[in-house]
């Protein structure tokens, strides 16, 4: 189990990726230096075709979390999370038919402009603030994860790597609307290098599938409808559909990508080309998780105490199987950093967009040139905030679950808010505000409860890991994933609901409460007798507010 560290060639490959990425940014900034309009800076002037936009869409949320945490999730819980492929498809269909036409035809820079057009300014501001909080939290985690990987394989100071990653991402996005084909290519190349080396080491793909089958990792046929189960077909397919619809349908980072297309047909096409990219990366991530298990099925480096977190498994594997091939470990770490570069850059760019469009332009009269420079200045500010938030990422537990929880708790109510506005014509502004506030409160309550009272092992069902084949003395600083029994309150089962259902909970409550409050106000408006008393005083007692019963009337005919 002796694992090598970075060689000179690995540092060269890794540094080359950062230099090339920065050079791309400088080049496009120089070419487009005359485009000071903030709309051009943030959306590419709405002249792009489907292919570059699709690459941008795919890379935007395929971060280091996908490269590092997704395989670790498969390693511990099995491959049924691959049903995300179905949720990707459903999310693209819903986005292309429901959300895309609205945003594209309105020609808005910020998605939250729609909320003011449909409801009122208070709804717009609330939506903007929720998005800012969500994106800063998420970006902090995305910066932290690749730093954890580089720390594992090089021994470099963790927080020094965190700061340098954040600086590069911020620098890049202040120069240009990120062109993602380079990052996407590096990510796939990094995945493939590990997969190919693992297949050769294990004697073929069949052996990896066989090991995964015997270890219970190929658990696709789990159709248990219990919402407390961590991963089943239903939790992944349903929860994933809500999650990815909130990301592609309403998240500023993605919406500003596809509305930058030169036509709505190109925008739709970009979503479905992007779908192919999502499926490819998902396939690589799931199979990489199987490779992890096949290689470490007899001696798990996590339970043996060699690693402090499951998210370090992939970089550990890289150094284990690729350490004798100078440059390839550097390529994989570059893949992790490429994912973070693309994700954090798009997130900071989106934060700058909503800040300018929702918090500055409505309240200040400035020239387009001034607004463009403010966009770049706010990008720098948000970059610093995201680096600061990376410091909290180590306290959030498993990275993959933490990210999905953040998008579920905040993205779910936001999805409900936009859905209410688009699909429910009679929804009112008070109904929308009431719905999103209550939806956020309930989903946040459940998420905090789940953090305090985590689901019991019989619900999360982590698969077995063994150290029987280890030929070294294990450290004793490892604590098992099974928590010490604690007193669980009556609502513990409610807190044990799968983290993938946080998004549906927030969305459904937002829509339900919004419709109820809107219907109550509509009914009150239609109460003519009550309105007459309020507006015109008491009715004239000489008249009666009932219909005449002519057959019983004493009027002679």
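Every residue gets a Cβ built from N, Cα and C, even glycine.
If you look up TrEMBL, you'll see 6-30 (among others) marked as transmembrane segment.
TrEMBL lists 50-70 (among others) with the feature transmembrane segment.
The transmembrane segment annotation in TrEMBL covers 82-104 (among others). Listed by sequence, the residues of this chain that lie at least six past the ends of the transmembrane segment (82-104) yet keep a Cβ under 8 A from its Cβ atoms are 74, 111, 114, 220, 233, 236-241, 243-245, 247-250, 255, 258-259, 261, 264, 267-268, 271-272, 274-275, 278-279, 282-283, 286, 418-419, 422-423.
A Cβ distance under 8 Å defines the sequence-distant neighbours of the transmembrane segment (125-146), meaning residues of its chain 6+ beyond its ends; these are 63-65, 68-69, 110, 112, 115, 161-162, 165-166, 169, 251-253, 311, 333, 336-337, 339-340, 343-344, 347-348, 350-351, 354-355, 358-359, 382, 385-394, 396, 399, 402-403, 406-407, 410-411, 413-414, 417, 433, 436-437, 440. Annotated transmembrane segment per TrEMBL: 125-146 (among others), in sequence order.
According to TrEMBL, the transmembrane segment annotation covers 158-180 (among others).
Here TrEMBL flags 187-209 (among others) as transmembrane segment.
Annotated transmembrane segment per TrEMBL: 231-250 (among others), in sequence order. Below 8 angstroms of C-beta separation, residues 57, 61, 77-78, 80-81, 83-84, 86-88, 90-92, 94-95, 98-99, 111, 220-225, 271, 404, 407-408, 411-412, 414-415, 418, 461, 498, 500-504, 507 of the same chain, each at least six residues beyond the ends of the transmembrane segment (231-250), sit close to that stretch.
TrEMBL lists 271-296 (among others) with the feature transmembrane segment.
What TrEMBL records for 377-396 (among others) is transmembrane segment. Sequence-distant contacts of the transmembrane segment (377-396) (same chain, at least 6 residues past either end, Cβ-Cβ under 8 Å): 136-137, 139-141, 143-145, 147, 159, 162-163, 166-167, 169-170, 173-174, 344, 347-349, 351-352, 355-356, 402.
Tertiary proximity for the transmembrane segment (402-424) is limited to same-chain residues at least six positions away from its ends with a CB under 8 Å from its CB atoms, namely 65, 69, 98-99, 102, 111, 114-115, 118-119, 123, 127, 130-131, 133-134, 137-138, 141, 239, 242-243, 245-247, 249-251, 393, 396, 431-432, 435-436, 439-440, 443-444, 447, 450, 499-511, 514-515, 518. Per TrEMBL, the feature transmembrane segment maps to 402-424 (among others).
Annotation source TrEMBL lists transmembrane segment at 431-453 (among others). Residues 115, 119, 122-123, 126-127, 130, 397, 405, 408-410, 412-414, 416-417, 420-421, 486, 488-489, 491-492, 494-497, 499, 502-503, 505-519, 521 of the same chain lie 6 or more positions beyond the ends of the transmembrane segment (431-453) yet place their CB under 8 Å from a CB of it.
Same-chain residues lying 6+ beyond the ends of the transmembrane segment (499-520) with a Cβ under 8 Å from its Cβ atoms: 227, 230-231, 235-236, 238-240, 242-243, 246, 401, 404-405, 407-413, 415-417, 419-420, 424, 426-428, 430-432, 434-436, 438-440, 442-443, 446-447, 450. Taken from TrEMBL, the feature transmembrane segment applies to 499-520 (among others).
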With the cut-off at Cβ under 8 Å and a gap of six or more residues from its ends, the chain residues touching the transmembrane segment (50-70) are 81, 141-142, 145-146, 148-149, 178-181, 183-184, 187, 190-191, 247-248, 253-254, 257-258, 260-261, 266-267, 269-271, 273-274, 277-278, 281, 285-286, 288-289, 310-315, 332, 335-340, 342-344, 346, 398-400, 403
With the cut-off at Cβ under 8 Å and a gap of six or more residues from its ends, the chain residues touching the transmembrane segment (271-296) are 50-51, 53-55, 57-58, 62, 66-67, 70-75, 79, 81-82, 84-85, 88-89, 92, 95-96, 100, 184, 187-188, 191-192, 194-195, 198-199, 201-202, 207-209, 211-212, 215, 217-218, 248, 258, 313-314, 317, 320-321
